[in-house]
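**Q** Dropping the structure in here first, questions after.
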């Protein structure tokens, strides 16, 4: 038989008020009084005692009935509240009238019930309780010989029963008003921060975008130095905006925790890549120590953990002029088979924290000294953000001195043990832009120093539609997209987007979220209606300075394919477009083609390599590109065979995803299509068909290789030349 307690807890936990708690207290107190009377006067008989006992039993039965009513109908009920109040005062007043002096302590119960109703239900109930309690006590005064014999005491207590709750009512209303005003002020602050973020991000978008375009042009040494200064200043300003938004989200309780499997040591390595050069520039010793008993594979919010470490270790580097900065990770408790609690210590030999600042160390906009905000850059939000994120992840954070100088900031986090990570071989997601030289070398992907050139070599030209009400933003996006090889049409409103899409087809749309008239969300909803009625599907990327969780979630629900924050980074924008290009590519006949043997029709879409050739990088470059991409494709096929043999269907889909991306880069239509089919197959389908699919892939890849060899040989011998389709 199951215990009813879990059901009772679930039934009462979601109630809007605490009526059930007050009723439970009433039941407990009444039961105790009945038990006491039964024990104390078990051999005593009398009408007064019997009347008192019957009153208490009646109150207990009615209270039990109220509790049943609460369980059956958990919604707020003003009728039940009034019945409970009337029950309390009538029973208390009746017992005080019957018992006289022995029941005089019940006056405190009467006052307690009055104040309790006010605290639980507000001023209106406090005034109603005051009236009920006063009338019941007045009845006791008029009936009981004891209270009649003490008129000064009786009328004084009655006056107190009226005056004290009324004074408390004035305090309660003042407190309620203060809480309401504080809530409104906090909401106004959040709106102000969101608006200021939008206003800051909009000009930053133009500044950041144009400097990225400028960085790809020919500059002399002095111009490069000036450009680097501008970009560093823009990044610093953006960092300040991000910090203010982070603290706003933390205060509003809107931090979302996303727990995933990750490698702790790899994550710490990524932090070191950012902060170690800064420490080296300040001539500091910088190191990390991870204890041997700390597991490497964990499950947690790696993004927020990295942000906490960047804040704390970054502060240590910033406020240390001599000595060292050390990050230590140790295991506090937990079994390696289940979960662990890890402690992170950030030790430095810097300026330390003065005694008078320590109580306010984790408060917003605080630094160890007023003058430090001038000497060191920053808002003073780093430790506050770290505290909010650590507590949101279920941990604790603190500070201690580091003798003889400096400080140690520490935090502890509970972590689950992660699942073994997939193959460590470098995977290049479809359309991904790989920036790390080590990854590029190990994966044999051609690396161009110019991100726009790299994008043009891998992604075919697309027709883009851009909508933004700010001319500077439209200009930035147009320059970035055209430099990446795309054809761009810019409009200044959502209505123009719908009109343009009704006239022509576009491969992708980039739209600002907040525009005069119809905004981006309304445009998305209208576009989905149009597409449901037969219009060609077009992915939409939302670009906005409003990066609140509500805005991002609203865009996802409206059908946006991606959300990018202003100021847009060229690499992030190009990465997103590369992913869209692979998923929506229509292998149509282009304006410029290269003639290949008819036996290769359907195998090779030569327009992809034609666009690469149009960049004018030479025949040798094209041959090298083809050779290395074919090697990548062959490796992906080998990975598919290995994954199928191991029955690792999730990894097999990732291998097929990588193969589709490489094949699309070469224009191998059949291979790309087969890779896409593998990605969409269920586990049971893969288990039954993967060997047959693998055999087909190998045949298609061989045919594609022959077609590419024929093309490259034809270009080399001068047998085929570009021609224009009329």
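Counting starts with 1 at the first residue shown.
Cβ atoms here come from the backbone N, Cα and C positions, even for glycine.
If you look up Swiss-Prot, you'll see 195-417 marked as domain 'Histidine kinase', on the strength of sequence analysis. Residues or ranges marked as domain 'Response regulatory' by Swiss-Prot: 463-581. Positions annotated as domain 'HPt' by Swiss-Prot, on the basis of sequence analysis: 618-711. If you look up Swiss-Prot, you'll see 198, 657 marked as phosphohistidine. Summarising the annotation, Swiss-Prot assigns 4-aspartylphosphate to 512 and lists sequence analysis as the type of evidence. What Swiss-Prot lists as region 'Sensor' is 1-22. Marked as topological domain 'Periplasmic' by Swiss-Prot: 1-22, 73-94. Look at Swiss-Prot and you will find 41-51, 116-127, 173-726 tagged as topological domain 'Cytoplasmic', backed by a curator's inference. The transmembrane segment feature in Swiss-Prot is assigned to 23-40, 52-72, 95-115, 128-148, 152-172; the stated evidence is sequence analysis.
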**Q** With DSSP as the yardstick, break the region 'Sensor' (1-22) down into helix, strand and coil residue counts.
**A** 13 helix, 0 strand, 9 coil
**Q** Rounded to the nearest Å, what's the C-alpha distance separating residue 657 (phosphohistidine) and residue 512 (4-aspartylphosphate)? Just drop the number here, would you?
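**A** About 30 Å separate the Cα atoms of these two residues.
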**Q** For a quick check of packing: other C-beta atoms within 10 Å of the C-beta of residue 512 (4-aspartylphosphate), how many?
**A** 27
**Q** Treating G and I as helix alongside H, and B as strand alongside E, what does DSSP give for the topological domain 'Periplasmic' (73-94) in helix, strand and coil?
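**A** Final tally across the stretch: 17 helix, 0 strand, 5 coil.
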**Q** By Cβ distance under 8 Å, which residues at least 6 away from the ends of the transmembrane segment (152-172) in the same chain are close to it?
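**A** Contacts with the transmembrane segment (152-172): 107, 110-111, 114-115, 118-119, 122-123, 126-127, 129-130, 133-134, 137-138, 141.
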**Q** Please report, as numbers and ranges, the same-chain residues at least 6 past the borders of the transmembrane segment (95-115) whose CB is under 8 Å from any CB of it.
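**A** Counting only partners 6 or more residues beyond its ends, the transmembrane segment (95-115) has Cβ contacts under 8 Å with 29, 48, 51-52, 55-56, 85, 88-89, 126, 129-130, 133, 136-137, 139-140, 143-147, 157, 160-161, 164-165, 168.
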**Q** Counting across all protein chains present, how many other Cβ atoms fall within 10 Å of the Cβ of residue 657 (phosphohistidine)?
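**A** Its Cβ shell of radius 10 Å holds 19 other Cβ atoms.
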**Q** Which residues, given as numbers and ranges, are at least 6 beyond the ends of the topological domain 'Cytoplasmic' (116-127) yet have a Cβ under 8 Å from it?
**A** 17-19, 22, 81, 85, 165-166, 168-169, 172-173, 176
**Q** For the domain 'Response regulatory' (463-581), give the DSSP counts of helix residues, strand residues and coil residues.
**A** 58 helix, 24 strand, 37 coil
